[in-house]
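As recorded in TrEMBL, the features of this protein are as follows:
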type: REPEAT; residues: 125-158; note: repeat 'TPR'
type: REPEAT; residues: 167-200; note: repeat 'TPR'
type: REPEAT; residues: 209-242; note: repeat 'TPR'
type: REPEAT; residues: 251-284; note: repeat 'TPR'
type: REPEAT; residues: 293-326; note: repeat 'TPR'
type: REPEAT; residues: 335-368; note: repeat 'TPR'
type: REPEAT; residues: 419-452; note: repeat 'TPR'
type: REPEAT; residues: 461-494; note: repeat 'TPR'
type: REPEAT; residues: 503-536; note: repeat 'TPR'
type: REPEAT; residues: 547-580; note: repeat 'TPR'
type: REPEAT; residues: 589-622; note: repeat 'TPR'
């Protein structure tokens, strides 16, 4: 068992408490003592004026509890020292100047130390405050609150309700209530601190700024950024009046204002705040590398939110350089930074560099955090997604499977997160045309996603559609239709409609019905898709999609023998394409040919000849013409002209085909010979 102690090296007045965890604070309790101001950053702030000293004869460096505690203490300060002997510790402390030393003492030696530290009773308040701060660092909010509350009661009893030191206690309790998500209480306690300070301190006293900052941060955590900004700006205005421009409290407030502007999506202003922080930090003596690393990180994050990934990477890499050079690197922070840089390269589609950073993360994770399963799972998943994006499916698959293996053992992982990973594995097997395995993983994904409350309708719709498509690829049309119907049911019950997904489902079902010869249901499904697409025309791409759907339904009407509707939809399709495309665009070829064939079948020969001529003009522009189609078009056109007794036109089409085909197919080709015979018969008619 250990006890906790805080020592100010410039003061020789001591206070103590009889407790299993004892804090001794050599700082005197004076009017206007600086209150606590937590820095709102993306990871823990560091106090460079604090030294943590741990004295315990039984310290074992490799013990997990010791390692975890040291890691957490280093989030407070880089200066953490351990001693096995009390005398060594006292000698060390004698050499500390202008620092606050926080001493953690084992029970076996604390009794020797207590007689040296007992002074007046009110000093115990500082003792309990320091214990509270340790528990706060260890994320034990209830014990932190208990100690802060005890400190408050001691001060109230010894000093009175309106004593300036009461503001420190109210600020401490306000901060811990904020962490406990009791926001109104947090504001209430910080406002009590502010009231006392307004009555007892000068109007420009720096402690007022600390309390303004505390209140601002609470409002920020409540997402009331307007009030948050107002309080932090008051803090800044006061600090700029009362403190030298390079005082370390000023960049803290700039940083808080920057983060509030980030939450308001005012990224340029946020960036300007962080740049002010950076300027002060770079000119400080000495330059504090870890604080620079935090600011580089915040600037990188802001550029990332602005979509400027190149600039974001520059600052994240500066952060990682500082993290690597730290005397005792925080490898977990370094892993997170590598992961973020990897994500930036991912956003830029530079997958090779993204993978290189994810691999660095994996190496660090496996070397230092083999038991941190959540961190490992995140890193494995990141690299799996990147390999998947590069279509390197064989490399993506094992990383997805490692992620699943870890997540299955972690109760904190949500069903939906697992469902997404199973779905990703399903898409890999789908791409590999291993449809049975794909369906197996999709089914696992559905089982998990359906147990989520509330359900993610869009995700379920996607998975049902994927299963349906896999069954369709296996030509299992019955099951494909079952899952498309499930997807439609979700769309019907969902509060929002994804029109793109809905039209895709209708058209997929229509193609299945068409392949089954169920033309009536195919038409019904296509008409539902068309009704949506006709309302969603916002670009050429939308119109091009609609044109293709018109063509598909036209072919179904042709199969039903409904020539009028077939002709109507082919004409609609051609009208859209003619509006945007060249008259000789190859996509018009089949439409013109089908229109011509319908006209020919209804004895509208003039119109048929017109569209056959259009088809032939497109054929002639193709780099590799289909001579069998050219033959059919030429002969049909020639026969139409022959029926009009326009033998010259008929002869021209037949001779054109022979001229084109002879060099490609040879004079002895059967089709060429047959056409030559037809030409001879036409010549006899013209004789």
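Note that the numbers count up from 1, one per residue, in the order the chain is shown.
Any Cβ shown, glycine's included, is placed from N, Cα and C.
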Which residues of the same chain, at least 6 past either end of the repeat 'TPR' (209-242), have a Cβ under 8 Å from a Cβ in it?
34-38, 40, 167, 171, 174-175, 178, 183, 186-187, 190-191, 193-194, 197, 249-250, 252-254, 256-257, 259-261, 263-264
If you run through the repeat 'TPR' (293-326) with DSSP, how many residues end up as helix, strand and coil?
30 helix, 0 strand, 4 coil
So which of 167-200, 293-326, 335-368, 419-452, 503-536 has the most C-beta pairs under 8 Å when paired with the repeat 'TPR' (547-580)?
503-536
Using a Cβ distance cut-off of under 8 Å, indicate which of 167-200, 293-326, 461-494, 589-622 has the most pairs with the repeat 'TPR' (125-158).
167-200
Which stretch, 335-368, 461-494, 503-536, tops the Cβ pairs under 8 Å count with the repeat 'TPR' (293-326)?
335-368
Residues from the same chain, set at least six apart from the ends of the repeat 'TPR' (167-200), whose C-beta lies under 8 A from its own:
31-33, 35-36, 38, 125, 129, 132, 136, 141, 144-145, 148-149, 151-152, 155, 207-208, 210-212, 214-215, 217-219, 221-222
Can you check how the pLDDT averages out over the repeat 'TPR' (125-158)?
89
So how many of the residues in the repeat 'TPR' (503-536) end up helix, strand or coil by DSSP?
30 helix, 0 strand, 4 coil
What are the helix, strand and coil residue counts for the repeat 'TPR' (167-200) according to DSSP?
31 helix, 0 strand, 3 coil
In terms of Cβ proximity under 8 Å, which residues at least six beyond the ends of the repeat 'TPR' (335-368) contact it?
43, 297, 300, 304, 309-310, 312-313, 316-317, 319-320, 323, 375-376, 378-380, 382-383, 385-387, 389-390
Please spell out the DSSP helix, strand and coil residue counts for the repeat 'TPR' (547-580).
32 helix, 0 strand, 2 coil
